[in-house]
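*Asks:* Annotations for this protein, taken from Swiss-Prot, read as follows:
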{"type": "BINDING", "residues": "Asn13, Gln46, Asn66, Gly77, Asn78, Asn174, Asn207, Glu225, Arg226, Gly235, Thr236", "note": "substrate binding site"}
{"type": "ACT_SITE", "residues": "Cys76", "note": "active site, proton donor"}
{"type": "ACT_SITE", "residues": "Cys234", "note": "active site, proton acceptor"}
Amino acid sequence: MRLHFTKMQGAGNDFVVLDATRAPLALSAADYRFLGDRRFGVGADQILVVERSTTPGVDFRYRIFNGGSGDEVEQCGNGARCFARFVRDNGLSQQVRVKVETVNSLIELHVEADGRVTVDMNQPIFEHALIPFDSAGLSARPHNGHGNGFELWPLQLPGASLPSVDVAVLSMGNPHAVQRVHDVDTAPVAEIGPRVETHARFPRHVNAGFMQVMSRREVRLRVFERGAGETLACGTGACAAVVAGIRLGWLDPEVDVQTRGGLLTIAWAGLGHPVLMTGPAQTVFTGDIDLPTTSVQ
């Protein structure tokens with residue numbers, strides 16, 4: 001089977017984008033792993049599938065598959081910006097604002113005049129059962145912020161160089177655990193990231209964020225993504241980090257997030273308001289690829 005694809009990137013988070021608006025795609029997890037493979041396939045953090053929506057008032061369905069595992073996931077912020085540019089650049093929609101549905105939410109995308117894309121990421125989710133996060137038996141850590149019920153939670157990591165880390169827990173349509181670090185360059189992301197990702201307190205696993213606060217309007221961030229490992233940028237991770245920082249009293253309502261792949265701007269007016277993410281989205285190249293009869297396992 002031959003597929004036409006578009007390779008895109010948003011702040012270094014890279015994607016294979018597939019157009020399924022004209023004909024449905026029936027790909028397996030092994031097929032998505034093959035497309036994401038950087039040696040045998042195209043290479044990408046995630047594979048994005050563009051489908052028409054059957055929901056009234058919604059323009060497209062946005063599906064996301066991890067390039068490493070082939071599993072479908074709930075949300076990807078950097079991918080959402082690339083999704084918006086793809087439908088605009090390929091003539092699928094000429095609307096300034098596009099509404100799309102994911103597996104668990106609706107989001108609105110806006111292509112700015114300068115080519116950047118702003119995504120309305122909806123309101124963050126703090127209820128532990130909905131993240132999901134099991135806090136049974138845990139005692140929240142004291143902190144110097146003003147969380148108003150939003151707390152830091154200790155995670156025990158037996159055998160790690162850091163036997164315990166304190167994390168802020170929330171969902172941006174997908175689960176996040178954010179910890180504050182002194183220096184993201186020296187933070188043990190490769191060691192601690194996978195331990196947090198697969199921690200038993202997160203029954204569906206979690207994206208592990210490492211945030212360095214530079215000022216009330218600027219942070220540096222690294223994210224070990226669920227099912228993908230560390231990526232150059234994570235849009236939902238940037239949103240989660242800023243929301244956590246605001247609720248803990250560390251950050252102002254609009255913050256520049258410096259990732260290894262580029263700059264994202266996150267704005268959140270507080271409880272009851274959506275999170276707005278603005279950043280770049282670019283097409284790298286297009287091509288065609290034959291799926292092997294037996295995809296790389």
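Placement of Cβ uses the backbone N, Cα and C atoms for every residue, glycine included.
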*Asks:* Please list, in sequence order, every residue of the chain apart from Asn13, Gln46, Asn66, Gly77, Asn78, Asn174, Asn207, Glu225, Arg226, Gly235, Thr236 whose Cβ lies within 8 Å of the Cβ centroid of the substrate site.
*Replies:* Asp45, Ile64, Val73, Gln75, Cys76, Gly79, Val223, Ala228, Thr231, Cys234, Gly237
*Asks:* Name the residues of the same chain, 6+ apart in sequence, whose Cβ is under 8 Å from the Cβ of Asn207 (substrate binding site)?
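*Replies:* Long-range Cβ contacts: Asn174, Pro175, His176, Ala177, Glu197, Val223, Phe224, Glu225, Arg226, Cys234, Thr236, Gly237, Ala240.
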*Asks:* What residues, ordered by sequence, lie under 8 A Cβ-to-Cβ from Asn78 (substrate binding site) and sit at least six positions away in the same chain?
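*Replies:* Same-chain residues close to Asn78 (substrate binding site) (Cβ under 8 Å, separated by 6 or more) are Gly10, Ala11, Asn13, Phe15, Ala233, Cys234, Gly235, Gly279, Ala281.
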*Asks:* Just jot down the residues in the same chain as Cys76 (active site, proton donor), at least 6 apart in sequence, with C-beta under 8 A of its C-beta; none if empty.
*Replies:* Asn13, Gln46, Leu48, Ile64, Asn174, Gly235, Thr236
*Asks:* Are there residues of the same chain, six or more positions away from Asn66 (substrate binding site), whose CB falls under 8 angstroms from its CB, and which are they?
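*Replies:* Listed in sequence order: Tyr32, Gly36, Asp45, Gln46, Val73, Glu225, Arg226, Gly227, Ala228.
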